[in-house]
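According to TrEMBL, the feature active site, nucleophile maps to T180. As annotated by TrEMBL, substrate binding site applies to R207, I208, G209, D210, T230, G231, I232, G233.
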Amino acid sequence: MASITVYGPVRLGDPAVIVHGGAGGWRGISRIEEVLGAVRAGAAAGLHHARKGVLEAVVEAVAALEDSGVLNAGIGSVLTYDGRVEMDAGVMTDATQAGGVAVVTYPRNPVRLAAYVARELPHVLLAGPAADELAQRLGLEKHPGPSPRALERWKTLREKLRSGEGPSWARVIHELYGDTVGAVVLSAGRLAASASTGGIVLKHAGRIGDSPVPGAGFYVERGVGGCSATGIGETILLGRPCVYAVELIAEGVPVEEAARAAVARHTQLFGSDNLGIIVLDAKGYAAAAMNTQGMPIAVAGQLKPNVEPLMLWGGGGGAER
Ligand code: ASP
């Protein structure tokens, strides 16, 4: 029986924020405190901006996570097989407004570009050099290039694959994902969700995961709830666990049961060690569930103004890093 870890329900009220720092293998890593500090800052930013509107709040929460440098998004993004940063991000509000950007290299904060797409363009998804040109034209801050830690990890893993010491890319995939970021926010009865990532280490150039795609990496429904996902994007694109979780909430299923059921269904379809989700309903109840080894999360809200960060530990596998 695959192991699924569930957190919640926790009653946050309105406004409410839940963020995560990526489902994956977290045991044995030395920077847990930094990571908990990063998710704390993400949730605090979301709560701080909640009065400006739900889209602003979710964007500021995710931008703070992208700026942490210790998570796989924004300036901490992992590298493709050929050593480049290629990022995906997306955002959706319950006003059926959504924007996603994929394979972007220019912006420091891809979530800000995704929010521009959602607000201003008659499109939902934008990818590649044209999206980068738009980011530059808008005057968005430029990405500083690969972080020393991302570069180090890329070198080690690539060497392992090249020397034949490790198995093929497909078989080491469980070592290669994680630390992606996401957030769900409720403010004045409105909901928004977002995800942002550098993707999977050693991914093929041009690969697009679930994080820029509404209904895959994130999903919200007005008056019902929202969800953000992390894990192996290829399974999330196919299984759409966020849509499933939000549909269950619409049927009256409590958030924690909806989160568990969505991860259980995903595990049945694709096996273990591939998914974590955070969920928030329109009444201000939050929950999270995962089938991996760990997932850092943080919550804050009207009834819990002090941000509570924690590492959710589970029985899943995943590499020690
Ligand atoms: N879902 C992300 C992707 O596949 C990776 C992650 O969540 O760690 O691009």
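Yeah, the Cβs are placed from backbone N, Cα and C, and that goes for glycine too.
Those TrEMBL annotations? Automatic predictions, nothing curated.
TrEMBL feature annotations superimposed on the structure.
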residue: T180; record: active site, nucleophile; DSSP class: coil
residue: R207; record: substrate binding site; DSSP class: coil
residue: T230; record: substrate binding site; DSSP class: strand
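In this view, R207 (substrate binding site) is surrounded by 17 other Cβ atoms within 10 Å of its Cβ, with every protein chain counted.
Long-range Cβ contacts of D210 (substrate binding site) within its own chain (separation 6+, distance under 8 Å): A195, A216, G217, A229, G233, E234, I236, L237. Sequence-distant neighbours of T180 (active site, nucleophile) (same chain, 6+ apart, CB under 8 A from its CB) are G21, G22, A23, L71, N72, A73, A195, S196, T197, G198, S211, T230. With a 10 A radius on its CB, G233 (substrate binding site) counts 27 other CB atoms from all the protein chains. For the binding-site residues G209, G231, counting C-beta atoms within 10 A of each C-beta gives the highest total at G231. The 6 Å Cβ screen around ligand 1 retains T180 from the recorded positions T180, R207, I208, ordered by sequence position.
Note on T230 (substrate binding site): other Cβ atoms within 10 Å of its Cβ, all shown chains, come to 32.
Working note on the binding-site residues I208, I232: by count of other C-beta atoms within 10 Å of each C-beta, I232 ranks first.
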